[in-house]
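*Asks:* Quick one: structure below, then a few questions.
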């Protein structure tokens, strides 16, 4: 029985093997056809490449729309305008203003102070000057610029004066102002009961119209105002016409500020006197004031230089000097120097007065009154 079962099993197994052979070949061919490039190819053989058709999908090509170009009508050319000439305006020739008027120009840079040399011998002086000022051709009549002549006195016109005649007096004089420090200087004088003399310009460190209140206060408090020319010009380089114009222009500005009065005292910038200057000043009725004590505050306009200016003042007093040259345009002069000079004057038993007072000239003669 067992033998028969074994025989049947072997026979069935062989039959299955025989039946499976054609099925395996057909299955292999089907796999190859479905999966090209893979098994049963040898791993060292190159695999065939079968690109996929239409991959990636092609982009659709839509036809571009055709838009007709707009046809705008061309603008017609505008007619050319023919300019018409307007009649020229009638011009009136300018005339030089009189009285109060602003100066022609306002300086934007602080001018350089040119030192004034004061000799050491008395009473005569040898002035020095260096700046160059071109003479002006503007015609100005000779004689007294405006107003009536001053009252008769003993002080000569057109003569350089550099020494006081009244004993016990000292004249502190200030050139080139008014400026920012002139007002505080008046406060110092008021505190000490002293008077000063101011030789002013219209255009130098500042515009005199900007300091009209200071000028008016100076006049009201009894200080003396003198002319230092309109623009700080070197009068020795001008003719008589140019000299007269410099004096007249300043007088025309000062007069409305000080009740219509005009100074009769003057000081030439740089102490630049000449025969022409003296002759012209005699015709214009001006007293010419120099100095015989020079503090040289313009050379020592720093706190460290103030002791040098004080020493110069003391040496001038010991040499017999009485008219002192200072400048109210320097801050150190006003804030540090002047009080020391006033203290030295009091210490020596002297009085600080105006030039007119130290010459014995009445105050009525200091100005030319208005007509």
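Just so you know, glycine gets a Cβ as well, placed from its N, Cα and C.
Note that the structure is a prediction, hence the values are computed from the model and not measured.
From Swiss-Prot, here are the annotated features:
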type	residues	note
ACT_SITE	175	active site, proton acceptor
ACT_SITE	327	active site, proton donor
BINDING	175, 270	acetate binding site
BINDING	176, 228, 232	Co(2+) binding site
COMPBIAS	79-89	compositional bias 'Low complexity'
COMPBIAS	102-112	compositional bias 'Low complexity'
DISULFID	164-358	disulfide bond
*Asks:* Using C-alpha atoms only, work out the spacing between residue 232 (Co(2+) binding site) and residue 358 (disulfide bond) and round it to an integer in Å.
*Replies:* 25
*Asks:* Quick one: of 175, 176, 228, 358, which recorded positions lie within 10 angstroms of residue 327 (active site, proton donor), measuring between C-alpha atoms? Sequence order, please.
*Replies:* 175, 176
*Asks:* How many other Cβ atoms are found within 10 Å of the Cβ atom of residue 232 (Co(2+) binding site), counting all protein chains shown?
*Replies:* 21
*Asks:* Rank the disulfide-bonded residues 164, 358 by the number of other Cβ atoms within 10 Å of each Cβ, and give the residue at the low end.
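*Replies:* Candidates: the disulfide-bonded residues 164, 358. Fewest Cβ atoms within 10 Å: 164.
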*Asks:* DSSP three-state call for the residue listed as 'active site, proton acceptor': helix, strand or coil?
*Replies:* strand
*Asks:* What Cα-Cα separation, expressed in whole Å, is found between residue 175 (active site, proton acceptor) and residue 228 (Co(2+) binding site)?
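*Replies:* Here the two Cα atoms are 7 Å apart.
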*Asks:* Could you tell me the C-alpha distance between residue 358 (disulfide bond) and residue 270 (acetate binding site) in angstrom, no decimals?
*Replies:* 23
*Asks:* In the same chain, outside 176, 228, 232, whose C-beta lies within 8 angstroms of the Cβ mean position for the Co(2+) site?
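*Replies:* Those within range, site residues removed, are 175, 177, 199, 200, 201, 204, 229, 269.
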*Asks:* Can you see whether DSSP assigns the residue listed as 'active site, proton donor' to helix, strand or coil?
*Replies:* strand
